[in-house]
Amino acid sequence: MRVLSAIALVASLASSALSAPASESRVSTQLRSRDAEGYSSPPYYPAPNGGWLSSWADAYEKAQRVVRDMTLAEKVNLTTGTGIFMGPCVGQTGSALRFGIPNLCLQDSPLGVRNSDHNTAFPAGITVGATFDKDLMYARGVELGKEFRGKGINVLLGPSVGPIGRKPRGGRNWEGFGADPSLQAIGGAQTIKGIQSQGVIATIKHYIGNEQEMYRMSNVGQRAYSSNIDDRTLHEVYLWPFAEGIRAGVGAVMTAYNEVNSSACSQNSKLLNEILKDELGFQGFVMTDWLGQYGGVSSALAGLDMAMPGDGAIPLLGTAYWGSELSRSILNGSVPVSRLNDMVTRIVAAWYKMGQDGDFPLPNFSSNTQDATGPLYPGALFSPSGVVNQYVNVQADHNITARAIARDAITLLKNDDNILPLKKDDALKVFGTDAGPNPDGLNSCADMGCNKGVLTMGWGSGTSRLPYLVTPQEAIANISSNAAFFITDKFPSNVAVSSGDVAVVFISADSGENYITVEGNPGDRTSAGLNAWHNGDKLVKDAAAKFSKVVVVVHTVGPILMEEWIDLPSVKAVLVAHLPGQEAGWSLTDVLFGDYSPSGHLPYTIPRAESDYPSSVGLLSQPIVQIQDTYTEGLYIDYRHFLKANITPRYPFGHGLSYTTFSFSQPTLSVRTALDSTYPPTRPPKGPTPTYPTAIPDPSEVAWPKNFDRIWRYLYPYLDDPASAAKNSSKTYPYPAGYTTVPKPAPRAGGAEGGNPALFDVAFAVSVTVTNTGSRPGRAVAQLYVELPDSLGETPSRQLRQFAKTKTLAPGTSETLTMEITRKDISVWDVVVQDWKAPVRGEGVKIWLGESVLDMRAVCEVGGACRVI
């Protein structure tokens, strides 16, 4: 069976850009157009070479020895995908077999191996974020790395830390870890470390400003929207998680489809050359999102290193911006040989750094079919066939971690009268299709492009097939001795009600990627808004009208409105189970029946009304004319906005109840590194980078080999007449404005992976003792927020910077948690000096500790005392 999702994506690219989503008329108050704001992205050339950091020195030394002996064809092969459907993976490069480098396999997704078999479908990123558990974040990364390696995948296309969740209706928010830069940063970094510990290259994405799905891609009818972001907001919010991912040593970065400040991300020299490779010291390689390359020479000069899946503007035509055209650009001199050498060296260095030159398996699965045999290159139409699926089981015992994450993410919003946990003999009436299976069968919807049965993940390329699914219905039936099930979204008229009955109502809200439209929602939640799908609100209200005790279970991609029913006296408890993956049922019953106390916390704010958000974060729609999406709210997204506007949400960021209670005591603050200056000490100088001959290679290096058996539509580096291409080298290429080959001075904010290493000096350590003061075992989360002094200018009143989670505490027992605060954590970005500015010695900084952004338990003032609130 062909991959329907990829076909849908191709169709969407070829379709007219002149029509608005069908649901637009129903949500006109949420879809708005904006005029151009005059934002532009200044040029920054040339692209900095990699290899100047000691942490990558060995990998670059190995890469240099190989790359210096490569032909032009071999170099181009490694930078260009072979074309969509031209191999087993969603993307693969060409090879350099003389040096033992195979076609590199790149594969989704951040939660499991996409379009495969015998894999684990882990909980989604938003669920992982809700655990506030660094150990689980790392463990999931390790097991993802093991599974991808076991399938022969070189590059895992995750984690996602963008979108960050600026727009609550954004379609792909659920792939990341939550609507806060530090939560995203910690979740992303822990995941990267875990993945790469297994020798698989992680890819942090989508760089940057892809906060809406609609109109994200440029095509023949319309340019992608431009995310217009000021410099301070870019650094303090949207770059923050990418910087931490780079500091964690990530091997690859994927660009976003959209533009930033009127320049496409895949050829934005400011973003790629200056910020990513110079300021943040990124040593790996930059790839496009699939079919997100919009130019050849321009993208190479701007810092792009790999084009995926390789096709040009229209896929499956056998044409590319790179491939043979990159060979031509090298021969005619429009792309310097030095730029190509750096592109290839970055890719090969990442391959070496992960140890993939050792015993690394080749792909043993196919994204294109579930059959054992089939065409090796399905996009060619006429393709040799062979074994494409070996059905290698990579699951091991990873279901244990998957269940632990799904369980520890469950967030208890409300528990009146301590109705939870339930007893096994309670009389239960269970309502809602979200409790049951997909009636069409497991994995019946390609890339989860439907909302049928329990919602385990959103839809799109960020999904994986479920190897199995234990539904809430199955799990409850297995445990409860007295449960009746009504797997319908319309409240039945014939339900018998007894005085002791507990109604458990399941509702959901879904979203996903733009190439699939589900129930009128083209990725973003346009038709549904922030409401529950499938009559969910009415189902809860109808149950509340009949039963005196109602428990609501919510599976959702993000914030969901609850005002229609949350204050009804019958609605006693609400659990948000997020997107639990394959362990949806068991993880829920672990908490529902009290084997574990809930310990999840909201990774976003739940508002009382959608109008509580700033108007600038609504979805935008403007057919034909390019959309200008200007970030006028600046630093104030999610809870930061609610605090600034003095709006009380329904449930604040970080909120989460337990079956027990906790006290915070004995807060302490200690100085680790004295901050004796406003700005960090001078950055270390760059080390040497690999050097190569810069002469244009002989055209014969990209001539077609004799008796070569070509695959139709496969993207090769070869030219029919390479000598003719070389003869055109005297022509002057129309380079981008500001293009130069003269290197820029090293930015003062750089110096290592993630920036100036002094930014990550630990300035303070804060400790607090957490005690279980209740009657049941449980785990607590301490959230650390900083409040910066007025001397730094206007800043959000509280910003999450760290968190820590206790082990399971028995009643009456305690644990002391310690969290570290870096110089960067208490800094703001100085747009004039272009560096991070902190108060000297941290004077005026307050450090808040609590269980949510609105539930503070202790505060420490730098230079003063700590106290319990």
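Quick reminder: no glycine exception, Cβ is built from N, Cα and C everywhere.
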With Swiss-Prot open, pick whichever of N399, N646 is annotated N-linked glycosylation site.
-> N399
Spatial separation of N332 (N-linked glycosylation site) from N728 (N-linked glycosylation site) - C-alpha basis, Å | 5
If you measure N332 (N-linked glycosylation site) to N261 (N-linked glycosylation site) at Cα, how many Å is it?
-> 31
Summarise the compositional bias 'Pro residues' (681-691) by DSSP state, stating how many residues are helix, strand and coil.
-> 0 helix, 0 strand, 11 coil
Would you mind checking how many other C-beta atoms are within 10 angstroms of the C-beta on N399 (N-linked glycosylation site)?
-> 20
Nearest recorded site to N478 (N-linked glycosylation site) by CA-CA distance, among recorded positions N77, N261, D289, N364, N399 = N399
Take the C-alpha atoms of N364 (N-linked glycosylation site) and D289 (active site) and report the distance between them in angstrom, rounded.
-> 24
Looking at the glycosylation sites N364, N478, which one has the fewest other Cβ atoms within 10 Å of its own Cβ?
-> N478
Across all the protein chains here, work out how many other Cβ atoms are within 10 Å of the Cβ of D289 (active site).
-> 22
